[in-house]
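Participant: First the structure, then my questions, so here it is.
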Amino acid sequence: MGVAIGFAKKADGSTALSAVVGYLVLSNVFTVMSPVVLAGQTTVAGAQVEIDYSVFGGIVVGLVTAWLFDRYHTIQLPSYLGFFGGRRFVPIIVSLVSLVIGFGLSYAYPVFDLGLAGLGAFIGGTGALGAFVYGFTNRMLIPVGLHHILNSYVWFLQGSYTKGDGSVVTGELTRFAAGDPTAGALTSGFYPVLMFGLPAAALAMIHLSNPAQRKAAIGILGAAGLTAFLTGVTEPLEFAFMFAAFPLYVVHALLTGLSLAIANLLDIHLGFSFSAGLFDLLLYGTAPAAKNIGLLVIMGVVYFAVYYVLFRLVIKRWNLRTPGREDVAAPVDGAAPRPCRGGRGCRGRCIRPSGRGPRRRRVGAHRRAADPGLRWARQPRPRRRVHHAPARRGRGPHARRPRAPQGARRRRRDRGRRQRPGRLRPARGVAEGRDARGHLMEVVVVPTAEDAAPLVADAYRALLERRPDAVLGLATGSTPLPLYWELIRRHREEGLSFARARAFLLDEYVGLPDGHPERYRAFIAEELERHVDFAPDAILGPGDAGSDPLDAGPAYERAIREAGGIDLQILGIGTDGHLAFNMPMSSLGSRTRLKTLTPRTRRDNARFFGGDVDRVPTQCLTQGLATILDSRHAILLGFGRAKAPAVRAAVEGALSARWPASVLQLHPHATVVVDEEAAAELEFVDHYRDTFAGKPAGQGL
């Protein structure tokens with residue numbers, strides 16, 4: 001269930017149910033096929049030996065379930081089979097596929113079992129080399145749960161020893177307990193790793209954790225390291241970095257193999273009853289078969305230093321996301337950041353008001369250090385200068401201040417008006433009825449949504465080549481997916497780089513936990529971020545700007561301003577003309593804010609939450625319409641016949657809060673890209689086609 005839910009893009013309860021059904025089918029197939037495939041093989045008690053893939057079988061079913069769920073959870077069947085459509089179809093198809101997989105794995109089991117037995121024989125007969133292979137393979141099999149099969153052979157079948165009463169025992173651990181002086185050579189090497197190495201690894205990860213997350217890292221890693229030292233149980237610590245930082249786990253596996261090989265060469269013999277921890281060391285360190293225990297302790301101390309140094313180097317070299325090094329979206333303690341109050345060390349970089357009217361702010365190094373939500377914001381671009389009033393003449397509060405030149409007074413007056421809350425002022429050029437290229441809005445009609453992706457991707461490439469540190473505005477939902485797939489293709493095949501770029505999301509749900517599959521931040525991470533080379537922390541969503549939703553809106557606005565503003569904003573249009581979560585009758589001068597979702601919106605979005613409207617959050621954070629207008633270039637995407645009325649109202653209708661997308665008529669550089677179906681109701685569609693066709697080659701959007 002865990003694998004299926006973790007790998008499915010839109011997992012819910014039906015995903016877990018499908019995985020359970022698939023695993024039950026697989027287990028029953030193994031039970032039925034065991035007498036056929038393993039005919040004549042019985043246990044000591046005379047029972048039939050059964051096919052046992054252990055955790056590996058569950059992992060296979062989980063991966064298959066995740067793939068089938070993503071493919072079929074929205075399938076539409078004929079009306080007479082409609083009850084079995086959608087998510088109900090997934091358990092059915094998973095059970096059928098598991099049936100086929102079960103038969104295939106059943107016939108492969110003898111080869112699989114023979115291979116592991118041959119590996120065990122090799123380990124027992126090749127000395128230090130076999131010990132290294134055993135240690136390395138043992139750790140690498142833990143993620144899939146197959147290490148128990150290999151351990152069973154080494155611990156209970158490897159070698160033989162005849163006791164004083166004439167009975168014969170087999171296996172490293174069994175022979176060591178019986179007093180065999182040759183036993184324990186393949187198990188003693190675990191002590192330096194489990195008792196000394198892994199606690200040192202935990203200490204290295206704690207030291208490299210973010211200061212804001214260090215307390216949580218100490219709680220998790222400290223407890224796991226202590227458990228490994230005392231009892232030899234390492235799974236809590238190993239699984240803490242196994243999948244998040246797999247290169248680190250490979251280093252750990254290599255060091256384990258090396259430890260077993262060195263212990264074998266030093267002729268150290270020591271077994272255990274449970275695992276290689278302190279309790280077993282004290283219990284078996286004085287056993288008759290134990291040998292060179294002092295060397296084992298010295299080796300453990302050396303391994304402590306080796307693990308600590310190597311883990312620090314590897315984590316820092318590849319910037320691995322070990323526990324405590326995850327993205328920090330807001331101050332952990334919830335305290336509001338305290339801005340710098342000035343001083344000689346400030347040199348004008350801290351927060352200070354300037355201008356007239358509302359307080360404008362510049363945020364520099366002091367603010368970035370205080371507020372992790374704005375930690376990567378850069379200084380405003382040079383054109384956003386803060387004009388300080390000249391010093392007053394004379395003394396006293398009523399001293400006369402000289403008049404500024406007329407042009408400076410006009411700029412100061414206009415700046416104050418533009419910053420006035422709630423007032424919408426068209427940008428220069430729009431007020432004159434044109435933008436820098438001579439028109440208000442460009443409409444591009446393409447045959448299908450797939451044809452729009454290369455066109456918009458060209459705009460991305462042109463922007464990133466001209467300004468590698470550009471600030472992008474990203475939309476979520478199904479509309480921009482073809483565009484994101486095209487960008488991923490260009491990144492992989494043509495070298496399109498996002499390494500210096502940054503991005504802001506349009507909106508985010510409030511109340512969903514981090515990592516929830518329906519969070520828009522998780523959507524962008526899954527559909528775009530993890531496939532390209534965005535730097536860590538380069539993408540910010542409204543929910544990342546602060547722990548308090550009421551304060552997150554203004555903080556998000558500040559972050560956008562301090563990044564220099566959005567250069568290219570991608571938008572999708574709803575059937576009612578909404579942009580982001582700006583529904584009809586939203587203020588045309590709105591900014592990023594907390595909104596309560598209407599019942600209609602929650603019903604519309606319930607399809608992403610398994611059809612359960614109660615699971616849809618009641619609130620969200622969204623950029624406002626005025627925030628969208630601040631972007632330098634806005635590209636609106638609209639596809640499908642259902643969008644046609646909204647596209648017509650946004651492009652050719654009057655500016656109205658009834659159709660929020662119509663606010664783009666005020667944008668100085670707005671481009672509307674629609675397919676033929678979405679353009680079906682446009683009155684001047686032929687004019688738009690002719691205008692775009694007549695553009696000079698290479699001009700782009």
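Note: Cβ is positioned from N, Cα and C throughout, glycine not excepted.
Annotation comment: TrEMBL describes 357-367, 378-426 as compositional bias 'Basic residues'. What TrEMBL lists as domain 'PTS EIIC type-1' is 1-327. Residues annotated as region 'Disordered' in TrEMBL: 328-433. Under the heading transmembrane segment, TrEMBL lists 20-39, 51-69, 89-109, 116-136, 189-209, 216-233, 239-263, 293-315.
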Participant: Find the member of 20-39, 216-233, 239-263 that has more C-beta pairs under 8 Å to the transmembrane segment (116-136) than any other listed stretch.
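Facilitator: Out of the listed stretches, 239-263 contacts the transmembrane segment (116-136) most.
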Participant: Okay, the transmembrane segment (20-39) and the transmembrane segment (89-109): do they have at least three CB pairs under 8 Å, pairs separated by 6 or more?
Facilitator: yes
Participant: Would you mind giving the whole-number mean pLDDT across the domain 'PTS EIIC type-1' (1-327)?
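Facilitator: Here the predicted model's pLDDT, averaged over the domain 'PTS EIIC type-1' (1-327), is 88.
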Participant: Report, as numbers and ranges, every residue of the chain located at least six residues beyond the transmembrane segment (216-233) whose Cβ falls under 8 Å of a Cβ in that stretch; write 'none' if there are none.
Facilitator: 190, 194-196, 198-199, 201-203, 205-206, 209, 240, 272, 274-280, 323-324, 332
Participant: What else in the chain is close to the transmembrane segment (239-263), if you only count residues 6 or more beyond its ends and a Cβ gap under 8 Å?
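Facilitator: Those are 128-129, 131-140, 142-143, 185-186, 188-190, 192-193, 197-198, 201, 205, 220-221, 224, 296, 299, 303, 306-307, 310-311, 314-315, 318, 320-323, in sequence order.
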Participant: Near the transmembrane segment (189-209), which same-chain residues lie under 8 Å Cβ to Cβ, leaving out any that are not at least 6 residues past its ends?
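Facilitator: Distal contacts: 131, 135, 217-218, 221-222, 224-226, 228-229, 232, 234, 237-238, 241, 252, 255-256, 259-264, 268, 270, 272, 275-278, 281, 296, 299-308, 311-312, 315-316, 322-325.
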